[in-house]
Amino acid sequence: MITKKDQCFYLSTKNTTYLFSVTETGHLEHLYYGKTIAPDSINLEALSEKRSLPIGTGTAYDNAHKTLFLGNLCLEYSTMGKGDCRESSVDIEYGRGMHTLDFTVKDFRILQGKPRTFGGLAESYGDKETCTTLEITLKDTCLPIRLALSYTAFEDSDVITRRSTLFNDSDRTITIRNLASLQLDLDEDDWNFVTFDGAWSRERYQHERPLMPGIMINDSKTGVSSAEHNPCVFLTKQGSTPSNGECIGCNLVYSGNHRELVETSPYGKVRLLTGINPATFSWELSSQDRFQSPEAVLTFSSLGMNGASNNFHHFINNHIVRGPWKFRERPVLVNNWEATYFNFSEDKLIALAKQSAELGAELFVLDDGWFGIRNDDTTSLGDWTVNPKKLPSGLSRLSLEIHRLGMMFGLWVEPEMISVESELYKKHPDWMVAIPGRTPSVGRNQHLLDLTRLDVREYLFKILSDTWHLADVNYIKWDMNRTFSDLYSANSEIHNHGEFIHRYVLGLYELLSRLTAAFPNVLFESCASGGNRFDLGMLCFMPQTWTSDNTDALCRLYIQEGTSCGYPLSTMGSHVSASPNHQTLRKTDLDSRFNIAAFGVLGYELDITKLTRQQKEAVKAQISFYKAHRAILQFGTFNRIKLANSSSNQVVWLVHNADKSELLVLFAQKLNPSNPGTDKLRIEGAHLEAIYEVFPRQQKIDLKSIGDLINQISPFAISEGSKTQDALSNAVSLDSEIEHYRVSGELLANAGIKLNQQFGGTGYNAETRVLGDFGSRLYIFKRIN
Ligand code: GLA
């Protein structure tokens, strides 16, 4: 709901209130963002900044308002040159290096629903029943420039989205240096700033630091939203716990360079800005033209980061992801990449596919290497036609075989790239992003295609749609494996290369809109060397994202946990891969790899034809378990209870259905604590009136994992690494512990269950929990009353 009373704008969602007012000078003073305050208890006098005296050395707004210091007001937007020396949300250079601006309110309107944006940005959507929009128009007091601020309140998700639009009503071109999507000023500084940082194969590790006087920046200058710093950030009240305490979350519906800046002022006020990164941006705005910022997404919860994450999850599932796959359960896939890399034949793929179908997989994905003459990563990007040497019967034949096996067929592409060794480069060298006369830098032996150009996009649309029709695809993995360098375009529309990256993003979105509209039933998964572009912009086109190339069970605890803070499980591609893991060489047990991958969209990415009989049985059981619980594992309510990202050796995650009649709990340990103490499962989120049956998913324990201790019970000697050990481990495995409880939700929430003892070197029986290093269990809680 959004209303205006007296000079106060009142925005509300199910559990939150957002308030700001118009000052006597026409500026917008931010008053409050937090838990619901009823409209009739709003007291403007109590909420407004007191200003009966001037501030020492401060610059007052003007002679008529000697105690109005914009530099110490919480504001909804800010400019330079009128006394507010904090980082501003709007910066325009309008002539001879001048930047001073002063926007004051002229007009506003409140609409049910959410009007569509212009200019090709990705954006959220909502109808008249779910959201309300406020648009406020401000005008500079001297110049013919207008700024429009737009707020959409999504009642059901406890989310408010925001964006800014600049209108150049003057008769000359002005240069936009910065236009933040959102400014949020807070009047207390006892917050922690939480960001998700990393690199290839260690994406979105959570970091938290207390605010200090001055500026902290989380940004990307790589050209993509990046694994280095994701655009999703949080402010958590110091002293809060994962499920308790005030938390503000902020994200951006954008896939290019972004910046989230937090500034703590000398007066203890905090300013949060998010938007396109001004460090790599400038935009020439012609006379009578307008420019719109990407949409920012804001949420508040008093239930800590879990509460704020749940709001984001709801918002993304309901208002970002679209199309037939929105709430459709996502298929279990098998991808051939780590099974074969570039080295595959038709026979090998069919063998993999047959085995996949037997184990219960529903989608077979052919990854890199099927096109051009590509046998390694040095050639052929751009030549999206089948390699006849590798696939003599063609893509359509392979797809037919896969479909005959009862599975969907998926294909990998990396359309935004070009290899110098390609037919495409021979024909169109100027389509490659490079600066004439300067040797271009190179990433993974490849270069960017200039997506700002219409002819490039036309080429891609045609060749991709022809191939996808031919191959009758059901799924596309859209990859993007390098960051930007040598920015230059021969596109005559670009006069200022500060526009390049934003125009590239708009070009990408245009291409994706056309392709997703042309293939409405295809499931798209976005990827960028794993999770280098995991953002809300891509999720507007593709319902899921490959979370990371790193599928090591231990690393995945950190990666998936960090990612889940901003994004729902339905968006996170998670695969079981080989052990030792290809990124870390760490050995982990097959069931623990599954237990962690199950918290997301499950897939397998290893040579399943080479698994032992025991392992195949285990995988079959995993897939059937996953399918039975998939609705919860993809679309349930997810909470982090014990964090990987903490000093705790244990990690506990919870996902449950809406009425809490079914809960699934991951219990994982980082290392095996020798002679361990008692492990306890306390689930505060259980339904207090429920009675639950609680038991672990049955797992197989590989005989090899107990090493030569086997000789304690074996009638014949078995040495490590011997053929006998192999044969035995192929034929038999141990069952995991038997453990079963019938307990009340009250007991679970307040006391918890003391679990069976872990193996501690003193013996073993049917009740012993053998977890080892990086081991885990998945507990099932079923309500029975
Ligand atoms: C990237 C992706 C991988 C795989 C390879 C293929 O690294 O993240 O999943 O598709 O490219 O080259």
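Cβ from N, Cα, C; glycine included.
Copied over from TrEMBL:
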type	residues	note
DOMAIN	26-285	domain 'Glycosyl hydrolase family 36 N-terminal'
BINDING	TRP200, ASP367, ASP368, ARG444, LYS477, TRP478, ASP479, MET480, ASN481, CYS527, ASP549	substrate binding site
ACT_SITE	ASP479	active site, nucleophile
ACT_SITE	ASP549	active site, proton donor
DOMAIN	651-781	domain 'Glycosyl hydrolase family 36 C-terminal'
Item to check | the domain 'Glycosyl hydrolase family 36 C-terminal' (651-781), counted residue by residue under DSSP: helix, strand, coil | outcome: 25 helix, 42 strand, 64 coil
Next on the checklist: Filtering TRP200, ASP368, ASP479, ASN481, ASP549 (binding-site residues) by proximity to ligand 1: which pass a Cβ cutoff of under 6 Å to any of its atoms?
Outcome noted: ASP368, ASP479, ASN481, ASP549
Item to check | Cβ-Cβ neighbours of LYS477 (substrate binding site) (radius 10 Å) | outcome: 25
Next on the checklist: Under a three-state reading of DSSP, tell me whether LYS477 (substrate binding site) is helix, strand or coil.
Outcome noted: strand
Item to check | Per-region confidence, the domain 'Glycosyl hydrolase family 36 C-terminal' (651-781) (mean pLDDT, whole number) | outcome: 95
Checklist entry - Just how many other Cβ atoms lie inside 10 Å of the Cβ on ASP368 (substrate binding site)? => result 21
Next on the checklist: With the cut-off set at 10 Å between Cβ atoms, which of these binding-site residues ends up with the most neighbours? Options: ASP479, ASP549.
Outcome noted: ASP479
Item to check | Greatest C-beta neighbour count within 10 angstroms, which of the binding-site residues TRP200, ASN481 | outcome: ASN481
